[in-house]
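J.: Pulled these features from TrEMBL for this protein:
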- 20-41: transmembrane segment (TRANSMEM)
- 33-278: domain 'G-protein coupled receptors family 1 profile' (DOMAIN)
- 53-71: transmembrane segment (TRANSMEM)
- 91-109: transmembrane segment (TRANSMEM)
- 130-149: transmembrane segment (TRANSMEM)
- 181-203: transmembrane segment (TRANSMEM)
- 224-243: transmembrane segment (TRANSMEM)
- 263-282: transmembrane segment (TRANSMEM)
Amino acid sequence: MKNTVTNDSDIPQSVKYFQYAVYPPTLALGLIFNMLALWIACCKIRKWTESRIYILTLITLDTLLLFTLPFKIKAFHDWKTSLKFCKVLESMYFVNMYGSIIISTCICLDRFICINHPFLAQSLRSPKKATLICLAVYIIVSGGNFYTLRLHGDDTGSVHCFQNFSSNTWKSKFLLITPEVIFFGCLSIMVVCTIRIIICLWRSSNLSGRVGNNRSVMIVGSNLLSYVICYMPYHVTYLLYFLKKNTLLADPFSTFRPALQISQIWANLHCCLNAICYYFVFKEALRIENTETYNTQNSKITR
């Protein structure tokens, strides 16, 4: 089945202006923040920890997603490319987007196990296990390529990338269920874990641990906040647009499509806001390493 190509005029000017306001700073700041975080994680922190591995994975996923943004800007105009190149871009975008969602959840879940179940954490947590989890996540989300490669149906010529998916694609329940289950499932886990962490730390009477405890709250809190701010609008409007495409919901003012485009542009801000979580994780890691170094030097002096 051939797809109908969307003309440049089909996209409202407000959407184009919004992408010009959001994409360039997102790309620039995202690359700066992620490269700086990568340098700190690789050069300044010596000890391999679970948090460091998850953060490095998240940096990699966000950076790969950022490289697709210039092509997404171009796709909002009368730009058509080969089907093969388009499939690569779309797969790269969606795989890294949902990989980032799951890894963000892993960071929160790892912190929950560490704080709420410290004895169990000794057997469940290790750098090796964190590495295997990250690899498993990427393999699983990469399996979505099988479906991403079919977004444009049987079109064999040039296509309008990131737009005009085939009508059969929009009829697929898999297209609705999978992204929504991933997002709301991960959101539920993060909310529960964050609340449980805050309650556990609130009840704690260990005065000497308050600084570290506050950082734990900052890590999971900033992680959850950026997750909700960036991804919630997209997945809500995506659900509404899917229902509209299948004539299950009326859209008398034709607002769902531009709302979906704007919310997807907005979702990419996650690549920048993740830097807040990086800051607290790195600050905690460096504090621990400095404390260990100080204690080691003191023990040598007292011998």
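A Cβ is built for glycine as well, from the same backbone N, Cα and C atoms used for every other residue.
Automated prediction, rather than curation, is the source of TrEMBL annotations.
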J.: Do any residues, 6 or more residues outside the transmembrane segment (181-203), come within under 8 Å Cβ-to-Cβ of it, and if so which ones?
T.: 98, 101-102, 104-105, 108-109, 111-112, 115-116, 213, 216-217, 220-221, 223-224, 227-228, 231-232, 235
J.: For the transmembrane segment (20-41), find every same-chain residue at least 6 residues outside the stretch whose CB is under 8 Å from a CB in it, and list them.
T.: 52, 55-56, 59, 62-63, 66, 69-70, 72-73, 265-266, 268-269, 271-272, 274-275, 278, 282
J.: With pairs closer than 6 in sequence left out, are the transmembrane segment (53-71) and the transmembrane segment (130-149) joined by 3 or more CB pairs under 8 Å?
T.: yes
J.: Suppose you look only at the domain 'G-protein coupled receptors family 1 profile' (33-278); what would the mean pLDDT be?
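T.: When the pLDDT values over the domain 'G-protein coupled receptors family 1 profile' (33-278) are averaged, the result is 85.
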J.: Where else in the chain does the transmembrane segment (263-282) make close Cβ contacts, counting only residues six or more beyond its ends and a cut-off under 8 Å?
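T.: Tertiary neighbours of the transmembrane segment (263-282) are 15, 18-19, 22-23, 26, 29-30, 33-34, 37, 40-41, 44-45, 51-52, 55, 58-59, 62-63, 65-66, 69, 97, 100, 104, 107, 215, 218-219, 222-223, 225-227, 229-231, 233-234, 236-238.
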